[in-house]
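A.B. asks: Sharing a structure here in C-alpha cells format.
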Ligand code: VOV
C-alpha cells in the first residue's frame, strides 16, 4: 500500500466570498450606509490588529466576474476563531447587504516530500510558511482542486517516492515564477468539498495565466489534477470599500 506523506499544518483559513446586494444597498438611507461602512472599518481594524500581533492574517479583495464581488480572507490559529469571526461579521450591518456566494475552509499545509529535517516548531522559514502574513501583492487567484482517483490515474495509489518525484518537478516549475507569483496551499481533506485550496498572489494578473498554463504540462497536473471554480480579484484596503460601495 502506498504510504501517506506527513503534512505540516499551520493556520486555518476561511475564504469568504460575497456578492453585494446592490438593490438593497441603493434603497438604504445615507445614514444606514455610513453606519454599515463605519462598523465594518472597526471590525476590519480589529482583524488588522490580530495580524500585527502575529495571531492571524487578513486580506480584502474585489473579485472580477459574476461569481462574487468581494473576498474576505482570514487566517487564524484555530478553526473556532474563524467560526467566531464569521459570526461577528454576519452580525454587522454591512453583512445585511452581502449575499454569501462561496466559502472555503482549509488549513495552511506543507507536504514533507522534500523535507530537510528541520523542526517546524522552531525553524523560522517553516514558521513563516505555516503562519503566513498574506502577501500585500495587487492580485489574487483562488481555486480548489483535487487529485484524480480514477482507474488509470489514481494519486492515492502512487508510491510515495513517485509522488515526491512529481511534486519536485512541480516545485521546479513554480520556482521559475519566484518574485512574480506567490502560492499558499491549504489542505481541506475532511474540511471542505475539494482536497486543496490554491491561493496565488501576483503583481501582474497575466502571471497567473502563464504559471497555471505552464503547470498544466507538468506530469502531476496533466495526469492527476482536477480543478474547481476559479476566482480572481484585486487586493483592497478597508478604506477602499467606501469607494466600491459608493452609489
Ligand atoms: C509559485 C508557484 C508554486 C511553487 C513554487 C510551488 C511549489 C510547491 C512545492 C515545493 C510543493 C511541495 C511541498 C509543499 O510545500 O507542500 C507544493 C505542493 C503543492 N502545490 Fe505547489 N507550487 C506553486 C504553485 C502551485 C499551483 C499553481 C498549484 C495548482 C496546480 C495547478 O496545476 O494549477 C499548486 C498545487 C499544489 C498542491 C495541491 C500541493 C500539495 C500537494 C500534495 O500532494 O501534498 N501549486 N508546491
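For all residues, glycine too, the Cβ spot is worked out from N, Cα and C.
Grabbed the feature section from TrEMBL, which reads as follows:
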ACT_SITE  143  active site
BINDING   129, 143, 144, 145, 146, 147, 170, 183, 221  Fe-coproporphyrin III binding site
A.B. asks: How many Å separate the Cα atoms of residue 143 (active site) and residue 221 (Fe-coproporphyrin III binding site)?
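C.D. replies: About 14 Å separate the Cα atoms of these two residues.
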A.B. asks: May I ask you to report the DSSP-based helix, strand or coil state of residue 146 (Fe-coproporphyrin III binding site)?
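C.D. replies: The three-state answer is strand.
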A.B. asks: With the Fe-coproporphyrin III site defined by the record as 129, 143, 144, 145, 146, 147, 170, 183, 221, how many Å span the farthest pair of C-alpha atoms?
C.D. replies: 23
A.B. asks: Do you know which of the recorded positions 129, 143, 221 end up with C-beta under 6 Å from ligand 1?
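C.D. replies: Once distances to ligand 1 are taken from each Cβ, 221 fall under 6 Å.
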